[in-house]
Amino acid sequence: MAYRGGDAGGRSLEGAGSLGKPPGPAPGKLFLGRGGGQVRSRGGRGVPGGPRPYARVRRLLRSSGVWLQGTAKSSGAMPTNFTVVPVEARTDGSGDEAAERTEEPGSPESADSACPTSGDGNPRENSPFINNVEVERESYFEGKNMALFEEEMDSNPMVSSLLNKLANYTNLSQGVVEHEEDEDSRRREIKAPRMGTFIGVYLPCLQNILGVILFLRLTWIVGAAGVLESFLIVSMCCTCTMLTAISMSAIATNGVVPAGGSYYMISRSLGPEFGGAVGLCFYLGTTFAGAMYILGTIEIFLTYISPSAAVFQAESADGEAAALLNNMRVYGSCALALMAVVVFVGVKYVNKLALVFLACVVLSIMAIYAGVIKTAFAPPDIPVCLLGNRTLAKRSFETCAKTQVVSNGTVTTALWRLFCNGSSLSATCDEYFIQNNVTEIQGIPGVASGVFLDNLWSTYSDKGAFVEKKGVSSVPVSEESRPGALPYVLTDIMTYFTMLVGIYFPSVTGIMAGSNRSGDLKDAQKSIPTGTILAIVTTSFICILKGALLPLFKPFTHILIVPICGALSRFGEALQGNLVIGMLAWPSPWVIVIGSFFSTCGAGLQSLTGAPRLLQAIARDGIIPFLQVFGHGKANGEPTWALLLTALICETGILIASLDSVAPILSMFFLMCYMFVNLACAVQTLLRTPNWRPRFKFYHWTLSFLGMSLCLALMFICSWYYALFAMLIAGCIYKYIEYRGAEKEWGDGIRGLSLNAARYALLRVEHGPPHTKNWRPQVLVMLNLDSEQCVKHPRLLSFTSQLKAGKGLTIVGSVLEGTFLDKHVEAQRAEENIRSLMGAEKTKGFCQLVVSSNLRDGASHLIQSAGLGGMKHNTVLMGWPESWKQADNPFSWKNFVDTVRDTTAAHQALLVAKNIDLFPQNQERFSDGNIDVWWIVHDGGMLMLLPFLLRQHKVWRKCRMRIFTVAQVDDNSIQMKKDLQMFLYHLRISAEVEVVEMVENDISAFTYEKTLMMEQRSQMLKQMQLSKNEREREAQLIHDRNTASHTTAAARTQAPPTPDKVQMTWTKEKLIAEKHRNKDTSASGFKDLFSLKPDQSNVRRMHTAVKLNGVVLNKSQDAQLVLLNMPGPPKNRQGDENYMEFLEVLTEGLNRVLLVRGGGREVITIYS
C-alpha cells in the first residue's frame, strides 16, 4: 500500500508499503505525535515547527493495523521517507532490520532540523468555523467515502467535523504550554476554573453592590436628602442598572461571549473604536472602584475599629481631616499590595475568600433588620447632646450639661470649660453658649415622636455649617464665633442633590462584575443574564427598603435620627464616633463594623480580579498597539502584566485618599459604559440583522433607549465637568484607534447602521440629474496598470485628491484584459495595489476593477455601470495617451477616442490630464504662479468650477486664476471683458479676465504641410494594414520624406518610391501572400498616395489648432496649469487619427494641460 500526504509546509509526501509486524521502539526513531508545535524524537529533543496535522492520520492508520515509520529528510515537521506496513501481513523481520538501518543514531536523516513556521504573526480568533490547514488535511480522511464532494472538502469541512468542534469549542485563549512524553500521550492544557451562575456572577455582583457606600454613606445620604429625595436617588440608580442589565442580557445571549465581558459585547456590537474607547473607560472605572473599596476598608478600620492604629495624629498634621487622609494613603497602599498578591496567586483563592466575605455581609444585613425589629419594642438608649438646636460632638466631654450639682455645691463641667476661658462661674463664655440651654435627646426616639415628618425633606448645607435639629428653639446671636476648639458638629462637605447622586451611584455599579469574568464562566450566555438580574433585584430590594421605605414602618426609626446624629456628619461625631447604622444593629454594633469591613475588602478583591481581565481582553484584540504587552500573562491565562498596571492605577486613586472625591470619577466611567451597552442593544434591535437572535427575549429597543438616556442624564446630574472630561478621554481613545487603523471586522452594529443609512440615503437620492446648486464632481478615475498590476501614473490620484474640495464621490477604476477565471488573482492584486495607493494619496473613494476581453469594452463597462443608484459618477478623469503614435501603447489612441465618445453618449464630463507626470504631488506647494483657463466655448461651466476647487487645496492655494476668452473680428473685445467680469462677480469667483483677439489670416505653409503629412500617414496605415513594428517604420519613412520635402525644393519633386523599396519593409509571409497580386497596381497605389492633396476641412482644423496653440503659448507658457476646452471627436470614425493630431498640436509646448469637455448641463449658477 502507499500513502500520499503533505508536510507542514505544504510539500508532497509519499511512502511505499512493506510487510511485517510493527517494529519496537528504537533509539532515535521519529514518530508522529499529537498536538501542535513540534515533532518529538525518542532519545532526542523536539524539532520545532508549525502545527502538525498528522496525529489523526497516525491514529487512523494504527487502528487499521498499519504501522507508520520513517525518517526526516527535510526541515519539515513530517518525516518525508516512511513506510506504511500492515501489521497482520508482516511475518519476517525485514521490517525491523530496515527500520534499524534507516534509523541509525547519528544518521543525517535523524538529525534535528528547524521547520519554518507558516504563520504570519497575526493572532487568529479561536473559532470552530475557521477551516485552517489542520482541518483541511484531517477532512481528507474523514470524507474518503464522499468522493463526489472532494472539491468542496478543499475549502469546507465535513459536517461531522464541524459539529465535533462546535461541541468541544472552548473560549479559552490559545498558547497553553504543551507537553508530550510518549507517542500516545495527549496534549495537556492548564484549565482555568469554570464557574457557574452562583459563584461566577451572582456572588461577585452582590459583593460589589453591597459595598462601601451601603454601609458608610447611605444613612448620610438619606439624612441630607431626606426620605423622598433619597428614594428618588436610589430608584433612578437602580432603574438605570436594571435597564442596562436587560440590554446586557440580550447581547450576552446573542452568541458566545469569551473573555472581556462588557468590552467584548460593546466592541462586537458597535465596532472596535467604540469598544476600545468605552472598554478602556470601563477598565479605568473598575480600577478606581477598587481604590474606592480599599479606601472604604481603611476608613472603617481607622475610624471605627482601631483609631489608635493611626500613623499620623491630628496634632502632627494640618488637622484631623489631613491626618486621616495621610493614614488612608499609608494603609491603603499596604492593603492594595496585599490584595494584589492574593489576586496574583489565582482567581480560585479570590472565590474562596469571596464566600467568607459575603457571609459576613449577609450576617451584617440580617443584624440590621434584627435590630430594626428589636427597636420597635425597645428603642436603644442613644443620647445626643444639643446646645440650642446645634448638635455637639461628645468626644470631648461626657456630661451633657453646663454645670452639675455635687455635695460641695454647683460646679462647672467639661463642656463649660470648652466654651469659656475658665472653670469658674464668672468666666467669660461664648455668647451663644450663654444664651442657649444644653439639652439631651434620644437619637432614636421612635415613630410616635413625630420626627418622621421632619425627615421627609432635604437638609442640604454648605461646608462648615452647623448640624442643627429641626423643631428645637434657639436664641440667635449677633456675631457667630466658630473657633476650632468648640465641640460643634460641622458639615465637612457641601451637600446638594446632584452631588449625592454621584456619590451614591457607585454602590449600584457592581452589575458588570460577573460579565467581566465571562472567560471563566462555564456557560456565559446562561450565567450572565440570570446572575446579574437576580443580584440587581436582591440589592435593589435591600437598598430601597433600607434607605427609603423603612421610615414608613413604625419600628424602623434608625433613619429618622439621621439628620441629628449622622446625616450631616459622615463619621458619626454626634454618637462619639460610632458607625451610625452600627448603633441600630443587633446583637452588637461590631457585627456591622466587621461585616462592612469584610464587605469592602471583598469588593476590592473583585475589582482587582475583573479589571486586569478586561484590560487583557482589550490588549489581545490588538486595537491599541501599545497595550499589547498587557495581553500576556501566566501559562494558565492569568493576566500578570495587566494586574501590575491595574495596581499602579489603583494606587493613584488611593493617593487621592478621599472616598467622596474618587466616587464621582468612577461614576462617569461606569455610566458611560452602561450608556453604550444600552446603545448597542438598541442599535442591534432596530437594525434587525439576521444575526441578532438573542436567547433572552425580555428586551425592547425602547427600554434600551430609555436606559441610554437615563445614563446620559445621570452623567450630567452627577457632575457636568466630570462628564465632559470622561467623554473627552473616550473621544481621544476613539480617534486614536481610528487613526491607527482599526482594521478589525467583527460585524458590528455601527457598520450595519452605516449600511442601513447608506441604503436609505441611496433610495432617497433622485436618480435623475441633481439641481445645479447640488452638482459636484463625482469622478471616475481611469487608471492604467503595468504588467505587475501597479499603477502607471500615480499622480493622477494625487490630482484627484486635490479636487476633493468638491466633496463628491470618487471611483477609481481600471481594466484588465483577459477572462475573469484566468485573471482573478491579478485582479485582486491590482485592487490591493490601487487601494494602497489611494491610502497613500489620501484619496477617499471606492475601487472598481473590471476584467474584460479587451480594454475598449472594459472601459465602456466602467463608464456605464460604475456607481450605484443616484450615487453615480458624472465626470471621467483620465490621462492623455502620451505614446499614442506608438502602437504598442495598451491604451491606444483608438481606445481613447472611443472612451471620449462613450462619455459624450453618457452625458458625462471628461477631464484629460496631459503630461500627468509633471503634475504636483500632494506634498508639493506652488508658492506662486497662475492657473489659466482658456474659455473657448461654454459647455456648462466646468472650466470655472475646477480652478476654484483646486485652489481650495494647499498645493494650488497660492496660485492666481486667470480666464482668457477669444474674440473674433466682429466681436467687441471691451464689452466682452466687462460682461465676463460681471459674470464672474455673480459667480463669486475671483479671477483676472483677458480677451484675446484672433485675427483672420491666410493658412500658413507649415499648417498645409502638417495636414498633408497627417493625412498621408493615415492613408498609408489604412492601405498597408501592417503589423505594429511595420506600421511604425512606415510612418517614420513617410515622416522623413515629408520633412525632406518641406526643407528643399528638390525633395518636393522627388519620385515616388519603387515597389521594391516599399516591400523591403514587409515580412516574408506578406511577400509570399502578395506574390500573386499585380505589383504594378500596388506601385500605382503608392504613387497616388504621395500625390494626394489635403482635405480642406482638415486644413481648417489644423489651422485653428496651430493658431490657438500659438496664442496660448504666448500667454500661458509659464502657467502652472492650463485648462482648455476639449474639442469633440469627429462623427466619422475614419478621422480619428486626425483628431488625435489636432489635440496634440493644440497642446504642444505646454507643461501641464487639463483638457475639459463638459457633460452638456450647467454645473455652476449665479443664484444662491
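All residue numbers here begin at 1 and follow the chain in the order shown.
Placed from the backbone N, Cα and C atoms, the Cβ positions cover glycine too.
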Among 298-319, 584-605, indicate the range for which TrEMBL gives the feature transmembrane segment.
584-605
Range from 195-218, 354-373, 584-605 with the greatest count of C-beta pairs under 8 A to the transmembrane segment (274-295):
584-605
Give the one range among 354-373, 493-513, 665-687, 699-723 whose Cβ atoms make the most pairs under 8 Å with those of the transmembrane segment (584-605).
354-373
Two-stretch contact, the transmembrane segment (699-723) and the transmembrane segment (230-253), at least three Cβ pairs under 8 Å:
yes
Taking a Cβ cut-off under 8 Å, which residues six or more beyond the ends of the transmembrane segment (665-687) line up next to it in the same chain?
240-241, 243-244, 246-248, 250-251, 254, 262, 265-266, 269-270, 274, 278, 281-282, 284-286, 288-289, 292, 502, 505-506, 509, 512, 653, 699-701, 704-705, 707-708, 711-712, 714-715, 718-719, 722-723, 725-727, 730, 749-750, 752-753, 756
Do any residues, 6 or more residues outside the transmembrane segment (493-513), come within under 8 Å Cβ-to-Cβ of it, and if so which ones?
201, 204-209, 211-214, 217-218, 221, 224-225, 229, 233-234, 236-238, 240-241, 244-245, 248, 261-262, 282, 285-286, 289, 292, 458, 460-463, 532, 535-536, 539-540, 543, 568, 570, 603, 606-607, 610, 660, 663-664, 666-667, 670-671, 673, 714, 717-719, 722
Cβ under 8 Å, sequence separation of at least 6 from the ends of the transmembrane segment (330-347): give me the contacting residues as numbers and ranges.
192-193, 290-291, 294-295, 297-298, 301-302, 311-312, 353, 517, 520, 601, 604-605, 608-609, 612, 638, 640, 643, 647, 650-651, 654, 657
Per-residue pLDDT averaged over the domain 'SLC12A transporter C-terminal' (911-1168) comes to what?
71
